[in-house]
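Below you'll find the structure, written out as structure tokens, and then a few comments.
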Amino acid sequence: MASPDAEMAAFGEAAPYLRKSEKERIEAQNKPFDAKSSVFVVHPKESFVKGTIQSKEGGKVTVKTEGGETLTVKEDQVFSMNPPKYDKIEDMAMMTHLHEPAVLYNLKERYAAWMIYTYSGLFCVTVNPYKWLPVYNPEVVLAYRGKKRQEAPPHIFSISDNAYQFMLTDRENQSILITGESGAGKTVNTKRVIQYFATIAASGEKKKEEQSGKMQGTLEDQIISANPLLEAFGNAKTVRNDNSSRFGKFIRIHFGATGKLASADIETYLLEKSRVTFQLPAERSYHIFYQIMSNKKPELIDMLLITTNPYDYHYVSQGEITVPSIDDQEELMATDSAIDILGFSADEKTAIYKLTGAVMHYGNLKFKQKQREEQAEPDGTEVADKAAYLMGLNSAELLKALCYPRVKVGNEFVTKGQTVSQVHNSVGALAKAVYEKMFLWMVIRINQQLDTKQPRQYFIGVLDIAGFEIFDFNSFEQLCINFTNEKLQQFFNHHMFVLEQEEYKKEGIEWEFIDFGMDLAACIELIEKPMGIFSILEEECMFPKATDTSFKNKLYDQHLGKSNNFQKPKPAKGKAEAHFSLVHYAGTVDYNISGWLEKNKDPLNETVIGLYQKSSVKTLALLFATYGGEAEGGGGKKGGKKKGSSFQTVSALFRENLNKLMANLRSTHPHFVRCIIPNETKTPGAMEHELVLHQLRCNGVLEGIRICRKGFPSRVLYADFKQRYRVLNASAIPEGQFMDSKKASEKLLGSIDVDHTQYRFGHTKVFFKAGLLGLLEEMRDDKLAEIITRTQARCRGFLMRVEYRRMVERRESIFCIQYNVRSFMNVKHWPWMKLFFKIKPLLKSAESEKEMANMKEEFEKTKEELAKSEAKRKELEEKMVVLLQEKNDLQLQVQAEADSLADAEERCDQLIKTKIQLEAKIKEVTERAEDEEEINAELTAKKRKLEDECSELKKDIDDLELTLAKVEKEKHATENKVKNLTEEMAVLDETIAKLTKEKKALQEAHQQTLDDLQVEEDKVNTLTKAKTKLEQQVDDLEGSLEQEKKLRMDLERAKRKLEGDLKLAHDSIMDLENDKQQLDEKLKKKDFEISQIQSKIEDEQALGMQLQKKIKELQARIEELEEEIEAERTSRAKAEKHRADLSRELEEISERLEEAGGATAAQIEMNKKREAEFQKMRRDLEEATLQHEATAAALRKKHADSTAELGEQIDNLQRVKQKLEKEKSELKMEIDDLASNMESVSKAKANLEKMCRTLEDQLSEIKTKEEQNQRMINDLNTQRARLQTETGEYSRQAEEKDALISQLSRGKQGFTQQIEELKRHLEEEIKAKNALAHALQSARHDCELLREQYEEEQEAKGELQRALSKANSEVAQWRTKYETDAIQRTEELEEAKKKLAQRLQDAEEHVEAVNAKCASLEKTKQRLQNEVEDLMVDVERSNAACAALDKKQKNFDKILAEWKQKYEETQTELEASQKESRSLSTELFKMKNAYEESLDHLETLKRENKNLQQEIADLTEQIAEGGKAVHELEKVKKHVEQEKSELQASLEEAEASLEHEEGKILRLQLELNQIKSEIDRKIAEKDEEIDQLKRNHLRIVESMQSTLDAEIRSRNEALRLKKKMEGDLNEMEIQLSHANRMAAEAQKNLRNTQGTLKDTQIHLDDALRTQEDLKEQVAMVERRANLLQAEVEELRGALEQTERSRKVAEQELLDATERVQLLHTQNTSLINTKKKLETDIVQIQSEMEDTIQEARNAEEKAKKAITDAAMMAEELKKEQDTSAHLERMKKNMDQTVKDLHVRLDEAEQLALKGGKKQLQKLEARVRELEGEVDSEQKRSAEAVKGVRKYERRVKELTYQCEEDRKNILRLQDLVDKLQMKVKSYKRQAEEAEELSNVNLSKFRKIQHELEEAEERADIAESQVNKLRVKSREIHGKKIEEEE
């Protein structure tokens, strides 16, 4: 086996940066360490430091740190240190002591050794090294390929490879979640993941070249090239990171069936678009701007009309402009190359650069404020021209759209003015929108290019998203990011600890399941649930006047004090203001909500968007083509989601994308990578403790440790534990005796002095609490030290003894050598010895010569043989080479064929498996889709219903507002409503009758629906979910109703306030009326003068209108002239340019002529002609220039003259305009006041009408319930009478049943023997339990599924046992039949038995086949776990278990044979059988539990054999049948047993009911009646089954099984129906009493309402009569006024013109009375008018003198006129009398008008008081009804609880599914009818509203006529006064003339 260092050699130069060497590990383990005194201690500056405990006193610990400090801290501030062997451990979850300082220092020490990757349980934590490390080299990629996680050091490649291998083996999508703060290395790790997949799964196929011939690459190149492009447009420099990703992304890499790359796509989230227009001082904008300006591609500078200096552009120069670590020029080339590789067309590429340049130009757009206005106007057009050119727009249209956007008001568009700041904000928003949409569009295009249309099998998703952020200033973006991390942490907790706890469950450890994912639920719900932060934010965005303050107030009202996660922040000095705090899992974050509403709405200038949509740049038009009709998806989703006409807020879009992301992640197997930034200064190797701890908390690493400590984080396999810790007590495990590892571990731990509550034994592992394993390690180290010390002593002793023996042997050898040397020295001079020395060599030489001769001969022979063999060898080698070549060729062919065959087989197997899986998935998805479609349809209908109800409620509110203002108009509408309600109640009665019939029909069709039980149960679950959702929606609506009630109370208070204001207004109006009268007297003197000036004013107004029209025409003409001037200028510029070109050409030609010298005469003539043409063109150009200048001068002069004239006219009209505007503003104020009053009153009225309608609906519902209850009571009475008649018969049957039950006691012995046998089998099954443990572990998923099936089967078994009692009666009835038919059926039973035996044999064969298949599956799983041998043992044990099952079945046969013999003895002993049956039931329950435990271990065999298991269960049940077959006997036995217990209960109920009350007797009789009908039906069905048995035995078994199931269901259904009827009866009785009480109260309320309406009608009639009187009086006044006017016209025809002027002046007078405050300004104008009028008076006096002259000329005719004068005097006297009479009449009329006013006010007050009283009565009644409704709701809630309980029971079986579905349809019909009802109510309300509007218009018309009559009376009075004066003057003149 290779050493660890040798294994690490495969990593090359990266090995030291990945894992410690073996030498370092040994040195670490040998470090001196004291586990009791070595600790971590809390330090004020460095968070934690290492130290040594000096002393402990009174809860305080004194620690000496490594730096020499001595600290005294509390005990809980000291943390134990891990042993040295855990130093730089690769997986921190394996540490003995899990706490913050241990994690921190492990990361720190590994980081100091440049090991930047560390595991922490499921996490991989990586620390940014801030330097290049050779850990991503190609050899590292290859070294990690195919390695398991524990086989290789921690690395991002290991995570990637594990995900890849899991995808291939588990056939499941994978995801890698990479999170961390900015600068922690998320993007780098993401790129490394993509690099790894692109390397190991490269398809190697070139993409097809497109026709355009643009640059293409492989799919791997394109995936890798997507990063530079996205980084250029989505990355920027921040304070912490020079290349920070300012967006999140989820990259999905799709693989084919063989694991090769198939395609990829990208989704992006939360692009920081605000960086486009603003950067902090130490940051800069996105890289692409600076890459373009790097001048690497000068053609871009020219194309984009920009410079190379970033400071020329405001948007990109607010921070830094260069980054030392980034070469913008190289990055530009990489970006440009990536665009080409990714397949963007040339036009698209140009559009990308142009739009980027346009964004830069946008930042330089300047605007200024117009003089004397707030309107913005462009300050120069050069920048706008550049931006418009790049965007394909018209510059003038762009500036106009920015300064004068068009806004839609109603159905019309209105031009709106913008201030400078508004325009700048609009430009910034547009720049950000263009950049963001372009970025998202590029992602879509990248996805289209990466979609190769190759078949996809699975994908691996890589999530690179910002980590948790806690800044000094946290805004909306931080909330979104933190919320995302909150959801991801919840996902991690759920995933990690669900797996952890599932392992506890799998290992059989007692553990209460804890959902750690719920730890974060409170914070998540606070943010995203209804009425959460996002919900309130979106709601505020819908209100036009909402502000940040109102948003904050709503947050406080909704959550402050109600949620622990929502807090009010404490103000801190030196920090930004915070408005609220949220308690996240990573800490408490203070948020500032400034500008959240605008950020969430993200408004854009729609006028500019319209220009974008018409842009000549197709890409820009495409970006905004669907603006307003499409919600933008995040990132790379193809297409978008329609959202209709409504806008989608940023928060809603963010939540939608987040939900999609979480759905994607939940469908995958996740892997987690947490990136850590070690320090703020980007210093390699340095680590700041507090910063790292903060990130560990934010990333959830410490949270994971916290939760991990609650469980058993350390676990060891039994074999490993036994081997490692046996040394602690070797005597507990004796040598030479085999002991199971689990038992050995239990004995070993039991013999050690440790806390035995700190560990648990699983099936395969022993689990330890945190810290206990470290204690065992310490004990093991101590024991090993002791053992090693003894071993060293023994070894040293043994070595010394060996050394001693060696020394003794050396001594003896030395003695021997010395002896021999001494002897030789003594004999070496002896002569004979010398002779021996001489002769001895000679003897050897003679022999050697002979040997040499022989050897030469042999050498020659051998040489010849060698030559021959060499020749043969060469021939053979040549042949061998040829054969080897042929062999290799054949082997290659065979290998190729084998590989291709294996690949084909593998692909075939994979395709078959894939097909099966896909078919199953398709089936599941289809079923789920159908269910979801049904749910969606139901939810959509419910949603529409709720929306309709909401809209109708709003409309009802509006209707009620009008109704409250005119309460007296409601009588007719109420009568119509009552009639409609009566009709609808009749319709509902008919509907209820129909529904009752349908219910009966459904009960009759009940048997047919039983076969669909399983499908319908699923539907019930979905319906229940839908119901819960609807209940939640109802709760939300109830909450909104409470808010509406609060709003109503506020409106009531506002109404009372407005009523007080109205009274004050009335008082002020009376004062104004008095002032008016006084002013009338003053103004009458000026009437004549005003009448003349008024005509002039009208003429001036007409002239002003004409001048305004003329001004507009002139302005239009000016614009046209300006356009013409501009055109002339352009043409002039062109002409100038053309002239310059011609002159330049002329000069060039002249130069050429001079150079040519010897030109011919023809050339000279041509030159002269050209010169003449040039001269002519110059003259034409000069003439055109002069003409243009003359035209321009004339136009300027004309424009100046018209401007001067218009200026004078405008000044004249301006004064008139100001006057009219003042009048208009005051009228608007009055109209607003009246509208607000009307609105408040109408709202209150709407609330009342709404309550009335709800009460009427409740009344109708109560009436229908009452009638239904009455019908049920009648039915129950009839049933009661019938049951009483049958009581006697059932009493007799009960006595028979008593005798029958007494016989059952004899079966006790048989049952007890059966129980003993089953217990014996149970013991055998328990013995097989351990053998099947490993098999169960590998098939745990299948076990879960089959366990659910088994539980269902056990429930069915329980139901069969309950049905046993029913079969007892059948046995009694069939006994006679069996006695008569026994002989005939014997043969049939024998045949059936043979067939059953054959089926049993087939089943056994099927079992064996399934066992073989299970074995193969087990081998596959165990091969992955290196446990093939264990699996074989498990399979054998499983076969043994099957044999045990067969044996068990035979025992059942024996038991049933005994039952046949003893069945006749079970008909006696009633009293004893009751007690014994109870004990028997408890024993059976225990047996059932034990049997369940045994069968839990056999469920692996049932996974592929569901049908077989069902057949075996059927056989087991069929064996119990007495006479027909073994299977029937088993069923009959269970039937009899269950029937016995149920009949006992029935008899007990019967006896109790006979002794106590008649009600219980009725229930018993109902139950017995149902049982009787069920038994009769079962007898008939059994007869049919017997007939079928004669025809086809196999079909009989199946039909009997189905029939038995039907009987069980029907019997349970009958019991349930009985209980349901009882519960319904009780509820209906309660509801009947409440309904009666409510009906009486409703009738009383109706009578009160009708009385109130009568009073209101009386008031209305009085008001109408008053109005008729006023009309008559007004008509009389009109007639008199007309007479007076006619007389005045007869007397003075010349005053007609004055009369017309007078009317106009009177109108002005009325306006003046309404504007008392403006009279002072008008008086000044009247003084000026007076001067003009004095001149007019002079003219009138001259005319008067002319008239006197005419009178003097008539003196000659005086005598003739004396009589006429006398007559005229008499007529004058009459006229004076008439005038006096009219004066009196006028006064009387004035008094009458005043009285009418008073009466009208009184009538209005009475109406208001009556309305108030009525309102108060209605409010009191409403409160009473609300109280009753609350009580009714409480009672209904209790009823609903009963209904829910009933529904839960119904879910278990069949009937209610169909009934619920029909109920839903019925409710839908009822909803439709109710909607029609609501619509009819709405129509009635509209009719009432129209009637009230007609009456209101009549009243206003009458009031207006009255005012006109008053005006005419005043006019008549003034005319009479004038006539009086003139008549006096004439009379005086006549008297003077007579005198």
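Just so it is clear, glycine is given a Cβ too, placed from its N, Cα and C backbone atoms.
Per-residue confidence over the coiled coil (842-1939) averages 68 (mean pLDDT, predicted model). Feature annotation from Swiss-Prot assigns coiled coil to 842-1939.
Annotation comment: Swiss-Prot describes 34-83 as domain 'Myosin N-terminal SH3-like'.
Beyond the ends of the domain 'IQ' (784-813), by six or more residues, the same chain brings 727 to within a C-beta distance below 8 angstroms of the stretch. Here Swiss-Prot flags 784-813 as domain 'IQ'.
The annotation N6-methyllysine is assigned in Swiss-Prot to LYS36 on the grounds of experimental evidence. Every protein chain considered, the tally of other Cβ atoms within 10 Å of the Cβ of LYS36 (N6-methyllysine) stands at 9.
A simple way to gauge crowding: the CB of LYS131 (N6,N6,N6-trimethyllysine) has 10 other CB atoms within 10 angstroms, across all the protein chains here. DSSP assigns LYS131 (N6,N6,N6-trimethyllysine) to coil in the three-state reduction, placing it in neither a helix nor a strand. The annotation N6,N6,N6-trimethyllysine is assigned in Swiss-Prot to LYS131 (among others).
In sequence order, HIS579, PHE580, ILE593 are the residues of the chain that are 6 or more apart from LYS552 (N6,N6,N6-trimethyllysine) and have a CB within less than 8 Å of its CB. According to Swiss-Prot, the N6,N6,N6-trimethyllysine annotation covers LYS552 (among others), on the basis of experimental evidence.
In this structure the alpha carbons, written CA, of LYS36 (N6-methyllysine) and LYS131 (N6,N6,N6-trimethyllysine) are 39 Å apart. Note on the domain 'IQ' (784-813): DSSP counts are 30 helix, 0 strand, 0 coil. In three-state terms derived from DSSP, LYS552 (N6,N6,N6-trimethyllysine) belongs to a helical segment. Residue counts of the domain 'Myosin N-terminal SH3-like' (34-83) by helix, strand and coil are 3 helix, 31 strand, 16 coil (DSSP-based).
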